[in-house]
């Protein structure tokens, strides 16, 4: 095509993801196209399993485990409260988490059990810094959810997942499935508790660090469930956990690729190829040791979608940030210091810098290039920001937050790189070196301005008096602070754009006060100035200020040139 671009063109739609999420939430509230129902404390939560699976690793495992998962459309769970599940569902569909002093503990516990890293991190930080302090927030207030209630809920969640993961065709007795009836023998539960306790102790002691929890091959290479589980004390339910327990949430990896009918959609037995689904699971398997432990309080996700985290975090970030700013105005200095740490934490977390610690390395390889060109919309001014991690920095322009403080002079900055440059004033560091004269500078722009001393470049010119300047701020000061009287300077440079003023006849000489026309199309710089200055210098020293205006440091800088052409700083 003549005059066109040959090749694909990527056209981003920044509002597309939020529009899709809004549409799904509207369907949920109206009960449209919901393919699964979650029962908690007698309440029904119709929802879309794809949305829950994208937000929660636990629901993803639950909805893609078992041979009859396509026919399972009702799940009754008792290890989370209805109020906590309501808040988490609203978070999944609206990207906004609503917490209060009364429910922050329940939401934290539910987020840990359901493996929602973003929510668990934020709630844990709120409790740790006592931003939402309560008299009694339950066992969730203990470090890493180590309370007895959380341990019981963790056990129940694990049993429920194992019940659906186990293949009902392996001829196991009904007592092997604790969730098939609440009357399971105590011996099985004791063995379960011992296995969990051993795994927890191994993680706490650091014995699991570096082990290959997933074996030498991907999940697709492992035998299906039931091929050799009959010899265990709890067949098909609890494999060996002392050495093979994965650190990411104490949940085992998938033991087999999904069946051909296991497509995760209600009421549809798809005929997809097993190889494609096995390859998808193989890509979703985390690298050994990349996922932090469930009880460590870190995120438990194994294959979290980093791009979705950025999209979900914007409104939550703004809500928490504005709350912290409001509290900072009424608190003392120490409290404001703590609030600064909270703000810093949120900005770093939602900027994407945390993903190297939360998500395994495999999820970054294919997303780094995409994230570098990501578009995000500011929730305040709706300006589209290009570049991953730049949205939190832009939001600071609205909130006035300056999270980075100099520990010497207490000056605060909005960006960490600005603080790093500021610290050079205290340390005396001057990393930028002139290759011609050896002068050192603390700032890159100072070196750039200094190099104009050697090159003679003065790119900034006053349109009224034709005076030229090395730096733009000097020209601005000349126009605003000093005031330009419009009289051409005796030592001003030649006009770089306008040429001879239009009121001067062609062929006539330059009017008094204006410099002569350039010779051979070249402008005069330091050499001509030195000759003029030597004639006018009262002491005959031959030294001049290359600023172009005697005693006006705004027209040049600290550089000085001698009559012999040697420059010094």
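From the backbone N, Cα and C atoms, a Cβ is placed for every residue, glycine too.
Noted in Swiss-Prot for the protein shown:
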type     : residues : note
REGION   : 214-304  : region 'Disordered'
COMPBIAS : 279-288  : compositional bias 'Low complexity'
REGION   : 343-569  : region 'Mediates interaction with RELA'
ZN_FING  : 376-398  : zinc finger
ZN_FING  : 404-426  : zinc finger
ZN_FING  : 432-454  : zinc finger
ZN_FING  : 460-484  : zinc finger
REGION   : 480-569  : region 'Disordered'
COMPBIAS : 498-519  : compositional bias 'Low complexity'
COMPBIAS : 548-557  : compositional bias 'Gly residues'
> In the zinc finger (376-398), how many residues does DSSP assign to helix, to strand and to coil?
Replying inline: 9 helix, 5 strand, 9 coil
> Taking the region 'Mediates interaction with RELA' (343-569) alone, what is its mean pLDDT?
Replying inline: 65
> Counting each residue once, how many in the zinc finger (460-484) are helix, strand and coil under DSSP?
Replying inline: 12 helix, 4 strand, 9 coil
